[in-house]
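Undergrad: Before I ask anything, let me first share the structure, which is written out below as structure tokens.
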Amino acid sequence: MHTVGQEKKFARLPLQNKMAAKEQNGRVGMIKKLRRSASASEHNMSELRNRKSTQNLFDQHGIPIDLKQFRKVLDKEDNGSNNNNSSEKKTRYRRTQSVTRAEEITTKSEKQRLQQPDKGCHRPRDSLFSWSSGFSNFTGLVNWGFLLLTIGGFRLCLENLLKYGIRVNPLDWYIFLSGKNESEGHASLFLILYSFVHISICLLVEKGLAMEIISEGLGMFMQVTNIIVVVVLPVVIMHLKGHLFSLMGASTVCFFYSILFLKLWSYVQVNMWCRETYHMKQYKPRVRRPSITLAQLKNGQFGDDEEKDEDVPVLVQYPDNLCYRDIIYFLAAPTLCYELNFPKTTRIRKRFLLKRLLEVIIGVNVVMSLFQQWIIPSVKNSLIPFSRMEVGLATERLLKLALPNHLVWLCFFYLTFHSFLNATGEILHFADRNFYNDWWNSNNIDTFWRTWNMPVHRWCVRHLYIPVVKMGYSSRQASTIVFLISAFFHEYLVSVPLQTYKIWAFLGMMGQIPLSAISKAVERALGPRMGNIIVWASIILGQPLCIMMYYHDYVITHYTDSLNSTMYREL
């Protein structure tokens, strides 16, 4: 229907234009009627054009349609379209007509074949393993793979039991974890307690900066020095007094001080951001505020922009966060990134917490059992072939070690990132439980490193990658710096406790950069499934190789005489 404005505009048009507009509207209406009526019975406009009978051809109101009039209108429409429509529309129309015609031919041919008396059973189909078949249900093959893997793992377990017997002994676990026969004192415990000195220095310097007792330059120099000493101190102490540390104690100290380094870095940097904003507001000229009436004063309204809600918790503001309670909570929380106000839960779910604690207890026992029963004999048996560079036998030992090592790694992942961190978060009411993403679906190495350890990834992006990019470096350079820091800490956590200063872990992490490019190329060329296989292969085979190399260097460094007197026998 036309509006009043359209009718007035239409009345002002010349007579020829009015006649042309009426004719155009008539053609459009006729074509619309024809398509509505033909949609139920006719699917091809070309057949309708050549149709002679008007039987069963009615418009939406039940009025018969005159095909002669339709042909005239359609001819005029075709002539007009030749002048107005583009060649692209014509090409698209011809393709549509050809596809429709091909479907009609296929349908008629199929009907003719079905009417034959030979009872045909064949039709055009692709094999199921062809991509064009569209088949995707391979559940049975997946079950077969799991069953085959279970049988192979059971055979290896049985072989291990028959060859070495039952080696699991919880008493040995206690001796190893406590370092009873490996060290001469409790140096690890004292060194962990000494970390409170670094924590206090960091907090006191931040208070001095907030109160402007210490200048910004001097304060940042003190903070940077304090953080660097956190990493260097365990290296110096263990190098000078290595006999006072057990292997487990030294590993615990290095891990604890690495976490402390990352957390203090975040604490200092976040407080620096808050201090800049705080000083800007403090020295900024006050904005003139509207006056308050006497009625507002009597009602307790002081001109605040937002009404206060008693149910909404009051947020901690800088510098009120600079206290021991706040920094101790941050050091205990399952995160590496500091905030003034962490998201928190309202209650502790006792059943959830009990499940996580049971998983921690059971998981530790499972990991220790796998180490004692399976990994230690496999690592010892790989020493001689690896020392003599017997490639074939060393490869066999590597593949033999890959399965138990991978099982231990999976148990360690679940035990740490799901059970332990969730239990810690539940106790501390820490609400952000995004400790990992679906790394098992990663199609390239970059995606794996961004998803499997979310606390570290979040710290790297927030406190390293983004600040480096803001300094003017490219994203590739910032990513390389992130991998350098990560490679340093991987080497730090292995070489310092073993007191075997090699660079295998460092090279392994830096090797992730070219491996990432390879996995992306494979993903582009062969699809995401092959990229995911590359990721799993690097996880399964890379770690056992690193373990064998460090064990070999550790024995060479500390037990050279025992190695020279060892007679090789094939196991």
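In case you wondered, yes, glycine gets a Cβ from its N, Cα and C as well.
According to TrEMBL, the protein carries these features:
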REGION    35-55  region 'Disordered'
REGION    74-122  region 'Disordered'
COMPBIAS  101-113  compositional bias 'Basic and acidic residues'
TRANSMEM  135-154  transmembrane segment
TRANSMEM  187-205  transmembrane segment
TRANSMEM  217-238  transmembrane segment
TRANSMEM  244-265  transmembrane segment
TRANSMEM  357-376  transmembrane segment
TRANSMEM  407-425  transmembrane segment
TRANSMEM  478-495  transmembrane segment
TRANSMEM  530-551  transmembrane segment
Undergrad: Hey, would you say the transmembrane segment (244-265) packs against the transmembrane segment (357-376), going by three or more CB pairs under 8 A that are 6+ residues apart?
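TA: No, the transmembrane segment (244-265) and the transmembrane segment (357-376) are not in contact.
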Undergrad: Six or more residues beyond either end and a Cβ under 8 Å away: which residues meet both conditions relative to the transmembrane segment (135-154)?
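TA: Distant Cβ neighbours of the transmembrane segment (135-154) are 128, 403.
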Undergrad: Can you work out which residues elsewhere in the same chain, 6+ from the ends of the transmembrane segment (187-205), have a Cβ less than 8 Å from its Cβ atoms?
TA: 179, 214, 219, 222-223, 226-227, 229-230, 233-234, 237, 241, 244-246, 249-250, 252-253, 256-257, 260, 264, 267-268, 322-324, 327-328, 331
